[in-house]
Amino acid sequence: MATPHINAEMGDFADVVLMPGDPLRAKFIAETFLQDVREVNNVRGMLGFTGTYKGRKISVMGHGMGIPSCSIYAKELITDFGVKKIIRVGSCGAVRTDVKLRDVVIGMGACTDSKVNRMRFKDHDYAAIADFEMTRNAVDAAKAKGVNVRVGNLFSADLFYTPDPQMFDVMEKYGILGVEMEAAGICGVAAEFGAKALTICTVSDHIRTGEQTTAAERQTTFNDMIEIALESVLLGDNA
């Protein structure tokens with residue numbers, strides 16, 4: 001039945017949901033890549049859709065910005081609508097010089113300055129890692145497409161406008177591939193409620209060089225990332 005944030009019924013969502021931050025990107029993904037699409041959520045403008053990809057039922061829904069927002073939607077999808085796997089498909093900022101604009105990054109894990117996972121984990125550090133099979137399937141899907149992806153750690157920040165830019169030096173030293181705002185939270189929710197999660201990002205801006213993509217490009221492109229996510233679902237079904 002409907003929750004405070006999702007006005008759908010059991011069965012409206014597939015067992016796998018792709019989740020971009022921007023609900024308009026969710027609409028673009030549904031209209032561009034899925035067939036037989038129907039809208040399944042519009043509460044607070046957080047659009048959700050269900051359709052098929054090569055005959056496989058898949059849903060796509062926005063999750064908003066930041067760990068608190070994405071945690072609400074991920075939790076309700078898992079506990080109230082039977083979702084088993086969440087693939088976040090979003091954007092990230094690069095801090096390393098060898099990571100370039102529009103590179104695709106598959107997050108094996110996510111560091112964070114948020115305390116949300118510590119609240120879940122009795123004030124201890126929780127290693128927010130992606131599901132191994134989902135990660136491997138995404139890497140294999142990228143190889144099949146001929147897309148060179150980066151695989152490693154992300155950093156999920158609580159603040160978009162950080163007061164401590166020196167932290168970027170620390171991230172670079174530790175090999176962080178991209179800075180975003182949700183991966184660690186989605187992994188934590190998935191672990192708490194018995195689901196699986198993965199984050200795939202496209203580099204939308206470079207924190208060091210100042211290069212950036214446009215808002216329109218972020219909303220309506222990044223197709224390699226989406227196709228990798230969708231194809232990885234099919235590989236998971238055939239495993």
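Including glycine, each Cβ sits where the backbone N, Cα and C put it.
These features come from Swiss-Prot:
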- Asp205: active site, proton donor (ACT_SITE)
- His5, Glu180, Met181, Glu182, Ser204, Asp205: purine D-ribonucleoside binding site (BINDING)
- Gly21, Arg25, Arg44, Arg88, Val89, Gly90, Ser91: phosphate binding site (BINDING)
- Arg218: site 'Important for catalytic activity' (SITE)
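Swiss-Prot feature annotations superimposed on the structure.
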residue	record	Cβ contacts under 8 Å, 6 or more apart
His5	purine D-ribonucleoside binding site	Val43, Arg44, Met46, Ile72, Tyr73, Glu76
Gly21	phosphate binding site	Gly62, His63, Gly64, Met65, Cys70, Gly90, Ser91, Met181, Glu182
Arg25	phosphate binding site	Gly62, Val89, Arg218, Gln219, Thr220
Arg88	phosphate binding site	Leu18, Met19, Pro20, His63, Cys70, Glu182, Ala183, Ile186, Ala197, Leu198, Thr199, Ile200, Cys201
Ser204	purine D-ribonucleoside binding site	Ser91, Cys92, Gly93, Leu101, Gln212, Thr213, Glu217, Arg218, Phe222
Asp205	active site, proton donor	Ser91, Gly93, Ala94, Leu101, Glu211, Gln212, Thr213
Can you tell which of the recorded positions (Arg44, Arg218) has the fewest other C-beta atoms within 10 angstroms of its C-beta?
Arg44
Out of Glu180, Glu182, give me whichever of these binding-site residues has the highest number of other Cβ atoms within 10 Å.
Glu182
If we count other C-beta atoms within 10 Å, could you say which of the binding-site residues Val89, Met181 has the fewest?
Val89
Determine the minimum-neighbour residue: among Gly90, Ser91, listed as binding-site residues, which Cβ has the fewest other Cβ atoms within 10 angstroms?
Ser91
For the purine D-ribonucleoside binding site, please report the maximum Cα-Cα distance among His5, Glu180, Met181, Glu182, Ser204, Asp205 in Å.
31
